[in-house]
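Peer 1: In case it's useful when we look at the structure, here is the feature table from TrEMBL:
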type	residues	note
BINDING	32, 33, 34, 35, 36, 37, 38, 39	ATP binding site
COILED	167-201	coiled coil
COILED	234-303	coiled coil
COILED	339-447	coiled coil
COILED	697-724	coiled coil
COILED	749-878	coiled coil
COILED	995-1022	coiled coil
DOMAIN	519-633	domain 'SMC hinge'
């Protein structure tokens, strides 16, 4: 393998595409400084993947793109390609020729290509790894890098030998294996944590699953037995209901007949009641009208008196206004006379002021002349002052020069002081630098301690993960318990809702109509109104036969429903048609203690059913207790029925009904509605518990994620600290170099201090000259001041003469001003009097208008009084006529009341008969309702057991029920059962086995990775020792050959740690004592570096090698010796030298010259075959 050519386009100074062909042997590239010859080496490093632009002498990426020059535009990209002969397959590719390319666009986009196919920088690094070729390998030695090899750390020298030993790839494989091992260990830790949690959960769920299986077995046995019992009891209930319905039908027919007679009597009673109420209203209306007429007559009398008094008042005011009008005329004449006198006074003052203004103008002329004389003197004085100011400026300038020189001297002295301070500061900084080195050592120790302490924090977070997991399990248990309760109570609620929807508990006929979904049927009365629980007993006692009445839209719907019942022989039902129901007049609630309210006011219902509710309950009074009901009935305070909260009923005729019944059908319907409401609240509560637990579970999940993120962050911190430790070590080296720089700066400051002392001498001379010039200017200024003083005295004299004239005329001036002010005041007085005159005239007009209004008002009042007299006569006649009509109506009212009392007696007799029938019917209905409710419950049980295929054969019903109770007790003793635990246990079991298998796989992977790392370490150690021993021997040989029998050897820094030990270069020149390599001369260092590189070449030569001015520090003899050694290796390696040395040029096989066009900054290549 060797380098065939380098192609450069747009890179640094190579504006156009340039291709440099290389042959085997030694090729030299020469040219003047700045011609761009080293750019070829930079281009080679760049294409091999150099990322530090400092190493290729650039500040940023775009600096490597040709930047343009005179008549030459900048390039938009830089491109470099290496053409390599790979016929010996040194590179792991099948092609004989390999092209490596790197492109950079001005936009910052980088491209890497291998044989024109896109690749990554990583691909290029792996391609050249362990070949001796690369951006940091020993095949490229740039300017100044020879000495750097000598001054390299022991670790860096080891890196060079590792490259030669070919263990870079192996170490990369080791690093990858270690990274995989870390991941596997982390995964094992996570899985161990999960397995621990699963183990605890598995035991718990296994116990719950066993309990659930037992529950399922007992439940199935109980359900089979319950179904057998249910079938027998349901058949019994159906037979009992059939017998009861026959008896109830007969009682209903009897009651219906009595009801018709009752309704006829009630109808007549209602007609009489209406007539009585009508007469009562007419009497009330006439009485009210009669009272109103009396009130109107009284009002007429009062108005007549009022108008008479108002007329007298208007007369008195009219006389007063006429007197005011006469007084206003006198005031107007007086004001006019006063205004004329004031206008005469204004004319006299005006004439006097005109004369005084003439005298003022004469005085102003004299004053102006004296003022002009004063101004001329002031101008002359100002000219002298300006000249004095000019001298003052010169004086100040000289003083400023003196001050500036003093300041400069002071500044220089201050600067000297500062420089002395800087000297002390630099000495202090040098001390601080030493302290900083100590501090950095301490920080490095702290970082290493922090790095070692992260493991403890990781353990704390892992414990937190376990704790959160347990809380999540508890929240999950609460959710499952809520789910179970929801199913249990929800099922019961669903059954009750079905009974409600199927209208269970209603009479057979009512149920049939409601379930037939006939259009126009609104529903049963008990279902369409909301009866508060505290009034249920009262309402049920008051209208027991009406609670199941069916409300329909109109009478036609009622007819259709009755037709349906007859057709199906499905029983009877009562209907309330909204178009025929008449509510009658609603009774008023008596204002008595113990009264709760009217029945219709205590229910909640849709407004469209108001007439129905008023008909049934509008005259029903609800009271607290029996005593209250009897008291109101005796005092005849309420005409309708009265019922207590406990269900005692006092009818409108005085009959009292009370006692305690078994649960009626209606009460059972009420109970069912209450049970539904209660279950709805329980279901809502369990839903809330489930929601809260679910929310908590979600929050814990988020907390778990956050904690796991912290774990990852802590792992990242651990890696970061590892990097920081490495960085702190590098910083320690930088601090050491900074100390050397501080010493250099100290010498610079001492030189500046000597220069400032020279400046002080120069400023002292300048300060003396400025002082002499200031003295001359001050003498001239003194002469001008005396002249200015004389001019000032003349101006003062002139000013005094002007003031004397002003004093002489001041009295006349004051008199003139007083007259002018008096004139203004007199004019204002005249204007005020004119305004007052206007006001007086305006008031007089208002009085005249009021007199006209009063005259008209008196006439109007006389007309009203006449009309009132006529109205009084008419109203009195109407009053007498209505009084006689009221008397006739009251006689008619007495006759109706008598007939009403007789009809009430007949209604009470019929009502007693109906009540007796209703009591019998109520007893039968209660039995029917009891059996219907029992059947409903049994049917609900049957629905619950519908999934049980076959019930048990029951021979002894009582014994079977006892056995059922025992089974239920055994199930109850199991306590809370998680039925989902069976499936959960299977899932947990599978998951436990799956994760266990995963752990076994990971442990096998961990074992394999550890064995791989151990094998790699053995290979690294073996190859390294082999290369080390060989290169050590070669280095000793080269030192003897090149350095005139000097001794050279390599030493391991830590022979006990072959994998990490550094390597030191040890040299002892002939006839010299052993000394540090850093104390060698430049030439000696270069020769030692060459000996080291040649020693490596003897072990493993690089396919091609670049040397940039490697012989710059060598004399001619050593240069010849170096070239001679290079020629020995030309059969195994290709050498490309950038040089100025003539001896090197002479010994080269090929010579390239590089020139630079300075105007455009472009490099050109010339080739010569030697």
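Backbone N, Cα and C atoms are what each Cβ position is placed from, and that goes for glycine too.
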Peer 1: May I have the DSSP-based helix, strand and coil counts for the residues of the domain 'SMC hinge' (519-633)?
Peer 2: 50 helix, 21 strand, 44 coil
Peer 1: So if I measure Cβ to Cβ from residue 36 (ATP binding site) and keep only same-chain residues at least 6 apart in sequence, which ones fall under 8 Å?
Peer 2: 12, 13, 14, 1154, 1156, 1163
Peer 1: Against which stretches of its own chain does the coiled coil (995-1022) lie, if we need a Cβ under 8 Å and a gap of at least six residues from its ends?
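Peer 2: For the coiled coil (995-1022), the sequence-distant neighbours (Cβ-Cβ under 8 Å, at least 6 residues beyond its ends) are 167, 170-171, 173-174, 177-178, 180-181, 184-185, 187-188, 191-192, 194-195, 198, 1058-1059.
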Peer 1: Relative to the mean position of the Cβ atoms of 32, 33, 34, 35, 36, 37, 38, 39, the recorded ATP site, which additional same-chain residues have Cβ within 8 Å?
Peer 2: 13, 31, 1154, 1156, 1163
Peer 1: Around the C-beta of residue 34 (ATP binding site), how many further C-beta atoms are within 10 angstroms, looking at every protein chain?
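Peer 2: The answer is 12 other Cβ atoms.
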Peer 1: What is the Cβ neighbour count of residue 32 (ATP binding site) at a 10 Å cut-off, with all protein chains included?
Peer 2: 12
Peer 1: Going by DSSP, give the three-state secondary structure for residue 38 (ATP binding site).
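Peer 2: Its secondary structure by DSSP: helix.
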Peer 1: Which residues does residue 35 (ATP binding site) neighbour through Cβ under 8 Å, counting only same-chain ones at least six apart?
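Peer 2: When sequence neighbours closer than 6 are ignored, residue 35 (ATP binding site) has 1154, 1155, 1156, 1163 within Cβ distance under 8 Å.
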Peer 1: Validating a neighbour-count step here. Other CB atoms within 10 A of the CB of residue 37 (ATP binding site): how many?
Peer 2: 26
Peer 1: What's the number of neighbouring CB atoms sitting within 10 A of the CB on residue 39 (ATP binding site)?
Peer 2: 22
Peer 1: Since the record lists 33, 38 as binding-site residues, which of them has the fewest other Cβ atoms within 10 Å of its Cβ?
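Peer 2: Across 33, 38, these binding-site residues, the one with fewest Cβ atoms within 10 Å is 33.
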Peer 1: For the domain 'SMC hinge' (519-633), provide the mean pLDDT of the predicted model.
Peer 2: 85
